[in-house]
Ligand SMILES: NC(=O)c1ccc[n+]([C@@H]2O[C@H](COP(=O)([O-])OP(=O)(O)OC[C@H]3O[C@@H](n4cnc5c(N)ncnc54)[C@H](O)[C@@H]3O)[C@@H](O)[C@H]2O)c1
Ligand SMILES: O=P(O)(O)OC[C@H](O)CO
């Protein structure tokens, strides 16, 4: 396919590399002309993936118009909270028959919208032109060509299959799914749970705590996802438990690392400053995911606790007491917890 990756952060760059390695004609859009220049001349993105040799066939431009001209697949690789603004700026240059693919894992704060909803609202495109990609995909590991898999979700299975073919590389195995809601909720919720896992690690807790948070994190993700119409099997798959395990366990995760800094006693401002401008989506999405849960009458105690730490000044030590002091329950995946 003739593809463009709009956004040259760590995941956008790794995805552009996959698409080239899978045999597509690919360009990237970078906001800063100097980054586009670096990709074109040094074949490296030193700001986000230093030391990774990018394919010589991968080009980059900083003009939106040039980036989008004649592209069949438009990959949106910007953070969730800026997607609406970016797409609004890109809209006039989007080819009318292009397929949009979101990489972002978050829920918009101002609306509670998932990324596929934002894409549809801004562009007016048909559902068959809107897809999302989500799975256990830490950018650096994939840029190093370590084997991994992902989910390409689109309500139109034939379109999902077309994108699947475009992403099939020797080290990257895409699966299709028509459950867009489940794929998106899995990706957004796991970032919030990864913050909780980081906090636990930062406080010095071990694997029992981690496993408890991952498992109960999955339970509350399933509760929210199914309330929104997701298929539970999506959340039992790569975009659900798969991504939860990868993100909650890896020191490469920005969300887990952010949480760990809080657990070690850093302030929110200090943890934010330490990200070096890279996005830890869960810090914002804990608010929108919590709001969605409340709207739908779904209990998400871990998400609530992370929200209170990130936005209401709850001390991480007090969070432990708050979670363990809740009334005892049977272990069921029902509407309450
Ligand atoms: N990094 C990963 O391992 C990974 C893997 C899977 C999914 N994701 C998701 O992909 C999305 C992008 O993540 P990333 O890792 O590439 O982030 P990043 O922080 O590495 O890069 C974000 C990119 O978006 C650009 N950007 C930031 N604000 C912008 C704005 N207002 N307008 C235009 N561009 C803007 C930045 O310049 C940068 O190029 C996130 O939703 C993230 O959760 C990341
Ligand atoms: O670095 P994080 O925490 O944004 O996570 C990256 C990916 O989403 C893992 O699948």
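Heads up, the Cβ atoms here are built off N, Cα and C, so glycines get one too.
Non-local contacts of residue 190 (active site, proton acceptor) by the CB criterion (under 8 A, 6+ apart in sequence, same chain) comprise 105, 217, 221, 240, 243, 244, 247, 248. The DSSP secondary structure for residue 190 (active site, proton acceptor) is helix. The active site, proton acceptor annotation in TrEMBL covers 190.
The NADPH binding site feature in TrEMBL is assigned to 10, 11, 31, 32, 48, 105, 139, 254, 279, 281. Counting only same-chain residues six or more apart in sequence, the Cβ atoms lying under 8 angstroms from the Cβ of residue 48 (NADPH binding site) belong to 8, 9, 10, 13, 139, 278. Secondary structure at residue 48 (NADPH binding site), taken from DSSP and collapsed to helix, strand or coil, is coil.
Neighbour count (other Cβ atoms within 10 Å of the Cβ, all protein chains): 25 for residue 254 (sn-glycerol 3-phosphate binding site). For the recorded site, residue 254 (sn-glycerol 3-phosphate binding site), the DSSP three-state label reads helix. If you look up TrEMBL, you'll see 105, 135, 190, 243, 253, 254, 255 marked as sn-glycerol 3-phosphate binding site.
Residues or ranges marked as domain 'Glycerol-3-phosphate dehydrogenase NAD-dependent N-terminal' in TrEMBL: 4-159.
Under the heading domain 'Glycerol-3-phosphate dehydrogenase NAD-dependent C-terminal', TrEMBL lists 179-320.
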Restricting to the same chain and to sequence separations of six or more, state which residues have a Cβ under 8 Å from that of residue 31 (NADPH binding site).
-> 8, 62
May I ask for the distance between residue 135 (sn-glycerol 3-phosphate binding site) and residue 279 (NADPH binding site), taken between their Cα atoms and rounded to an integer number of Å?
-> 17
For residue 279 (NADPH binding site), write down the residues of its own chain that are at least 6 apart in sequence and whose Cβ falls under 8 Å from its Cβ; none is a fine answer.
-> 9, 79, 254
C-beta crowding around residue 105 (sn-glycerol 3-phosphate binding site), within 10 angstroms | 30
Which binding-site residues among 31, 48, 254 have CB under 6 Å of ligand 1?
-> 31, 48
When a 10 Å sphere is centred on the Cβ of residue 135 (sn-glycerol 3-phosphate binding site), how many other Cβ atoms does it contain?
-> 23
